[in-house]
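Visitor: This is the structure, below, for whatever I ask next.
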Amino acid sequence: MLEKNPVISVKNLNKEIGNHRILNDISFSVCSGEILGIIGHSGSGKSTLLRCLDFLISPTSGSISIAGFHNSSAKEKISRSDFAKRVAYISQNGGLFLAKTVFENIAYPLKIRYPEMTKSLIEEKVNEALHFLNLYERKHAYPSRLSGGQKQKAAIAIAIVSDPQVLLCDEITSALDPRSTEDITDKLLQLNEERGITQVFVSHEIEVIKKLCTHTLVMHQGNIEELGPADKLFLNPYSSITEELFHMNSIAKGIYDHNENEEILRLGFPKGLAVQGMISQLIQGGQISINILSGDINLFRKIPLGFLIIVLSGEKKLRDRAKDILIGKGVIVQKFQKSR
C-alpha cells in the first residue's frame, strides 16, 4: 500500500469526543484500484474513521487526503458537491428519498452536481446504472416497494452515477440476506476490476472482506492493530485480534490436551498450494501421525487459500523434519501454545 501519490492518505489521525479518544494516531494509505477492508469489534472506531474520510466529521488532529481533497483546507473552500463527484459514501440504510422513484433518486445527484447536463444525458447515465445493477425493471418503483437488496443496489447506483474515484461503504451488507449480499459484492468487485474504482469497505462480515478486499486494516479500541494484504493477514496473522476476527483458532484453543510428543499447528496454504495434497507425504512410513482438527479453503478475490489446524504427533526431531518439509514447500506453519 505504498505509493508516492496514493488516492487516500491518512497521517496521525486522532478523534476525541469529550475525554474519550475514538481514534488514536491512525496512519495508512490506499493506492488506486485497491479495496481496503476495515474490520474490528463493535466500538473499535471503524465507522468513525470512515466518516472522517468522507469529511462528514472533523478529526481532532491529523491529516486526510482523498481523491485530491485535503481536510487541512479551509472548510468553506471544499464544495460538498465537487467532493461528492469524486468520493461517494454508501451507508447501511441506503439514504433513498421515499417520495422519489428509483430513477428519480439516481438522477437527483446528477441534477444537483451538473446543472448544465442535458435531460437526455442524465437519462442515459441513470439507465446505464440501472442496467448495471439489474434494477431497470424497478426504475419507476418507490423505495417502499423495494426489497432490502434492491434498496442497497439503488444506493450503489446513486453512488456510481457520477463516476467517482472512491467508494466508501459502511456496513452496506449487514442487513441483507446471503443472496443479496452475494449480488452486492459481485457488483462491487466488478466495479473495481472493470472501472478501477478504489474502495474502502467497513464490515463485520469476514466472508465479504475475503471476497472483496486486497488489503485489510484491523482496528481495536481506536488503534490500528494490524494492516496488510488480506490474504497474508488471513494466513499469517500477527495479532490475536486478527486471529479472533478471522475465526481461525476457536477449535484449537483450550480443547486439546496434548502431551510432550504432540503439538498443535496451524498450516496456511498460499495460492497454488491450497489444492495440493501434502499431508499424505508426511505420514508415509508411520513415524509421525496427523490429526486434523479443522480446515477450510477460502476464496480471496477468487484465489483459493487454505488452512488446517492439526495435531502433529511423534518424536520432536521427526516433527521438526515434517515442519521443515512443509515450510520448504511454501506452507506457513504456526504453533499454538497450550492454553492455561
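Using N, Cα and C of the backbone, Cβ positions are placed for all residues, glycine too.
Annotated domain 'ABC transporter' per Swiss-Prot: 8-246, in sequence order, evidence recorded as sequence analysis. Sequence annotations record features per position, and here Swiss-Prot assigns ATP binding site to Gly40, His41, Ser42, Gly43, Ser44, Gly45, Lys46, Ser47.
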Visitor: Using a 10 Å cut-off, grab the number of neighbouring Cβ atoms around the Cβ of Gly45 (ATP binding site), all chains included.
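Guide: By my count, 23.
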Visitor: Just to verify: the residue among Ser42, Ser47 with the fewest other Cβ atoms within 10 Å, which of the binding-site residues is it?
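Guide: Candidates: the binding-site residues Ser42, Ser47. Fewest Cβ atoms within 10 Å: Ser42.
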Visitor: Would you mind pulling the DSSP three-state label for Gly40 (ATP binding site)?
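Guide: Assignment for Gly40 (ATP binding site) reads strand.
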Visitor: Taking 8 Å from the centroid of the Cβ atoms of Gly40, His41, Ser42, Gly43, Ser44, Gly45, Lys46, Ser47 as the cut-off, which other residues in that chain fall inside it around the ATP site?
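Guide: Other same-chain residues near the ATP site: Met219.
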Visitor: Average pLDDT across the domain 'ABC transporter' (8-246)?
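Guide: When the pLDDT values over the domain 'ABC transporter' (8-246) are averaged, the result is 94.
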Visitor: For Lys46 (ATP binding site), which DSSP three-state class applies?
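Guide: Once the DSSP labels are grouped into three classes, Lys46 (ATP binding site) ends up as helix.
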Visitor: Judged by the number of other CB atoms within 10 angstroms, which among His41, Lys46 is the least packed of the binding-site residues?
Guide: His41
Visitor: Among all chains shown, work out which of the binding-site residues Gly40, Gly43 has the most CB atoms within 10 A of its CB.
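Guide: When each Cβ's neighbours within 10 Å are tallied, Gly40 tops the list.
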